[in-house]
Amino acid sequence: MDCWRNLPHGWCSCRTWGRYYVGPIQLVVCYGAVVGNTLLGGECLKAIYLLSVPDGSMKLYEFVMIFGSMMLILAQFPSFHSLRYINLASLVLCLAYSACAATGSIYIGNSSNGAEKDYSLVGDTESRVFGMFNAIAIIATSFGNGIIPEIQATLAPPVKGKMFKGLCLCYAIVLVTFFSVAISGYWAFGNQADALILSNFVVDGRALMPKWFVFMTNMFTILQLSAVAVVYCQPTNEALERAFADPMSGELSLRNIVPRVISRSLVVIAAITLAAMLPFFGDINSFVGAFGFIPLDFILPAVFFNLTFKPSKRSPIFWVNITIAVIFSILGVIASIAAVRQIALDAETYKLFADV
């Protein structure tokens, strides 16, 4: 990616790393997020369908395709800049559905409709240990959402001010939304809490709270997921357009519109296919976190700081960065093993295009 310009003198080796290592990982991570959000959107659509038609015969992959058809349209926005209003809508929707999810969890947790809470750890020691590292990878994915502000901020100067403001806002939203839902959901449902907490709001086709509230929460989630997915799809789109677009022609010229529509449609169709084939949202989250977000957010920044600014080996900052890099490298390796292990276990349980 081009986001490695505007950096201090002496960055040459790091810039090479950026082009051939960091950039590709960023693309894979962003595309993995597109696949995960497409799957989650399909699950929310299915939840709405089953509330309306409890005995319905439609399968999950069909709802993934329906959600993906909306993505096909949204993916045609030509640039990051054109997504600014979608970004704003995503922020509002994120706050809205998180508030609804936390409120719903608290409501069910305080009512007699909810299941008996069980906070015990299930499984043998091996499963618990790998489960812990799986959870670390998922948390890394949650905090890794700063990758998009990072990419956007480094596309044009000044880098530092914009990135800092964007990341502060991003992490503030992550803390407010992810943790409010996680804490309230675990309190309400214990170890029965699903990867998609909204699934706990309905048991055997019966809503544990007013149906309109469940509908509304799922709709907020679907709209927000569509916004997030199209933003995460944009780095892949930008990379493809550098290869197929004509910079001498206008952004909305026929010469650039045709390859844009074709390439972006193929990108979205591939994401839909992967999401429908591998309907394991938690597994995708942990896999992306272990292989992508942990190196990008916790290891490489510390390493690149030392390579770029060359602090004295006697200074605390040098050894703090080394310690961070070593600890998170170990965590990343174990989390990667845990993620692959969980995918292998689920592969024995589910088939391709499974209706989960």
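Note: Cβ is positioned from N, Cα and C throughout, glycine not excepted.
As given in TrEMBL:
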DOMAIN    16-340  domain 'Amino acid transporter transmembrane'
TRANSMEM  20-40  transmembrane segment
TRANSMEM  60-78  transmembrane segment
TRANSMEM  85-109  transmembrane segment
TRANSMEM  129-148  transmembrane segment
TRANSMEM  169-189  transmembrane segment
TRANSMEM  209-232  transmembrane segment
TRANSMEM  261-281  transmembrane segment
TRANSMEM  287-305  transmembrane segment
TRANSMEM  317-340  transmembrane segment
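A Cβ distance under 8 Å defines the sequence-distant neighbours of the transmembrane segment (287-305), meaning residues of its chain 6+ beyond its ends; these are 14, 17, 22, 25-26, 28-29, 32-33, 36, 136-141, 143-144, 146-147, 311, 317, 320-322, 324-325, 328-329, 331-332, 335-336, 338-340, 343. Residues 1, 4, 64, 67-68, 71, 144, 147-148, 151, 196, 221, 225-226, 228-229, 232-236, 239, 267-268, 271-272, 274-276, 278-279, 281, 284-285, 287-288, 291-293, 295-296, 300 of the same chain lie 6 or more positions beyond the ends of the transmembrane segment (20-40) yet place their CB under 8 Å from a CB of it. Sequence-distant neighbours of the transmembrane segment (60-78) (same chain, 6+ residues past either end, Cβ-Cβ under 8 Å): 38-39, 41-43, 45-46, 49, 86, 222, 225-227, 229-230, 233-234, 237, 251-252, 260-261, 264-265, 267-269, 271-272, 275-277, 279, 353-356.
Long-range contacts of the transmembrane segment (209-232) within its own chain (CB-CB distance under 8 A, at least 6 residues past either end) are made by residues 30-31, 33-34, 37-38, 40-41, 44-45, 47-48, 51, 67, 70-71, 74-75, 77, 83, 86-87, 89-90, 93-94, 96-97, 100-101, 104, 107-108, 111, 113, 148, 198, 201-202, 271.
Long-range Cβ contacts of the transmembrane segment (261-281) within its own chain (Cβ-Cβ under 8 Å, at least 6 residues beyond either end) map to 31, 34-36, 38-40, 42-43, 60-61, 64-65, 68, 71-72, 75-76, 195-196, 229, 233, 236-237, 240-241, 244, 343, 346, 350, 352-356.
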